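As written in Swiss-Prot, here are the features:
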{"type": "ACT_SITE", "residues": "Asp193", "note": "active site, proton acceptor"}
{"type": "COMPBIAS", "residues": "365-376", "note": "compositional bias 'Low complexity'"}
{"type": "COMPBIAS", "residues": "463-472", "note": "compositional bias 'Basic and acidic residues'"}
{"type": "DOMAIN", "residues": "61-442", "note": "domain 'Protein kinase'"}
{"type": "REGION", "residues": "1-21", "note": "region 'Disordered'"}
{"type": "REGION", "residues": "332-376", "note": "region 'Disordered'"}
{"type": "REGION", "residues": "463-499", "note": "region 'Disordered'"}
Amino acid sequence: MSHSNPPTGASGGPGSASASAAPARGYYSLKRSIQTAFNDPLDRGLGPPAYQSKVRVMDKYQVIGFISSGTYGRVYKARGRQGQPGEFAIKKFKPDKEGEQITYTGISQSAIREMALCSELRHPNVIRLVETILEDKAIFMVFEYAEHDLLQIIHHHTQQPKHPIPPQTIKSIMFQLLNGCQYLHTNWVLHRDLKPANIMVTSSGEVKVGDLGLARIFWKPVRTLMQGDKVVVTIWYRAPELLMGSHHYTPAVDMWAVGCIFAELLSLRPIFKGEEAKMDNTKKGGSRDMPFQRHQMQKIVDIMGMPTKERWPLLTSMPDYDKLPLLQPPLSASGYSQQPAHSHHHHQHYNQGPQYGGRAGGPTSSSSANSSSAAAAASQSHLDKWYYHTVSQGQTAGPMPHAPPGSLASLGVEGYKLLAGLLEYDPEKRLTAAAALQHNFFSTGDRVSANCFEGCKAEYPHRRVSQEDNDIRTGSVPGTKRSGMPDDSMGRPGKRVKE
């Protein structure tokens with residue numbers, strides 16, 4: 001996918017009125033510190049609408065409790081004061097030290113990016129930034145509050161007695177999620193960390209894409225996207241082109257993650273649950289090599305089949321193409337049926353021909369034919385078997401002509417086609433958000449509701465809020481997660497392996 005046109009609505013270029021209105025002030029601003037810039041009354045009314053100068057958090061918001069913590073800070077639930085109704089999530093970015101004298105050295109690149117993007121984005125299916133406040137050298141981002149997230153909803157359905165998410169709920173969630181993604185991509189924004197924990201759901205059933213800490217503008221980047229952030233997207237939702245070491249990528253990486261989320265809504269567990277290999281930090285000079293994520297790629301191959309240059313023409317240009325022989329051929333399709341799985345070949349390394357990076361040639365024409373046959377079998381996708389086995393609750397590995405109304409099987413063949421379009425190996429062929437929204441999946445069967453809870457009998461628990469640690473001003477900032485809104489409090493994914 002290539003993009004050569006500038007973002008729609010771009011303004012303020014060198015020849016614009018806004019660019020030439022106040023040259024003196026622009027020169028002055030270069031000399032100011034960040035602290036002075038925040039407090040300077042000249043900034044009032046000139047920045048984004050969400051910006052506030054000299055406002056104290058506790059004057060505007062009553063903190064109800066602590067939600068979660070992350071690398072960059074903590075998230076609190078709050079209620080509005082001064083005639084500002086409603087509940088809010090306040091994300092506090094920690095200063096360099098707390099409880100001691102603070103040396104202000106600046107703001108992290110991730111925080112700046114998140115503040116800049118969120119202040120510009122306005123869409124019903126993207127979490128809304130209400131305002132940003134600087135107080136005592138700490139930054140507070142005030143977001144609209146969402147009572148649920150998809151991880152919490154999925155977890156609720158895994159509790160005994162285990163019960164599937166209603167199909168009309170899944171359809172509404174997917175439509176709203178794709179709507180939010182289309183808005184981001186239309187505005188040249190890659191999310192780069194879509195997963196159930198980052199998809200918020202309000203009490204009224206509105207689905208909102210949240211946590212833009214890894215988001216990035218992808219229109220004409222100065223450097224390859226990988227140079228800025230080597231590791232993007234949580235491992236279970238990471239697209240094949242990222243796993244194969246691609247240095248540049250497109251919104252298709254978000255769409256693969258959306259496909260993984262769709263599959264997880266159906267099965268209540270991650271479809272590709274691999275383990276992440278750690279970076280090698282032992283190299284001289286402090287360089288850090290990105291390891292080939294063999295285990296995660298194997299999980300994809302087990303269901304999707306081995307990638308080939310016929311299915312994915314640019315496969316041979318991937319940096320880790322030569323690592324494909326390390327992978328094993330997938331289990332046979334019988335693994336998704338009622339018959340025993342025949343997996344006697346599953347523990348042999350796959351090295352059957354040059355199209356997979358193997359050695360070309362063979363001793364006889366017979367062995368060559370066998371090799372071609374094995375390659376064809378290894379590249380066959382079993383996603384259809386996985387889908388029908390999942391939606392039929394294990395009853396069949398094929399379509400059900402007369403699926404009971406209200407059952408997952410009622411999502412039918414169009415559900416499979418949408419899933420297959422999102423989980424396409426080739427990012428050029430993968431469905432875009434705009435194309436997915438036009439898919440027959442949303443125009444057949446029950447109408448798509450703007451409230452994903454409409455007709456749903458499940459009562460989902462409220463978000464956990466701690467009353468013991470709700471001092472937004474002086475609390476310490478523990479935690480090791482990259483982002484604090486919200487953190488993945490259900491403990492996933494955590495296991496790593498050293499390659």
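The chain as shown is numbered from 1 upward.
Positions of Cβ are set from backbone N, Cα and C atoms, glycine also.
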List, by number or range, the same-chain residues at least 6 past the compositional bias 'Basic and acidic residues' (463-472) whose CB is under 8 A from its CB atoms? 57-58, 63-67, 74, 76-78, 90, 92, 140, 147-149, 152, 486, 489
Using all protein chains in view, find how many other C-beta atoms are within 10 Å of the C-beta of Asp193 (active site, proton acceptor). 22
I'd like to know the mean pLDDT over the domain 'Protein kinase' (61-442). 85
DSSP assigns the residues of the compositional bias 'Basic and acidic residues' (463-472) as 0 helix, 1 strand, 9 coil
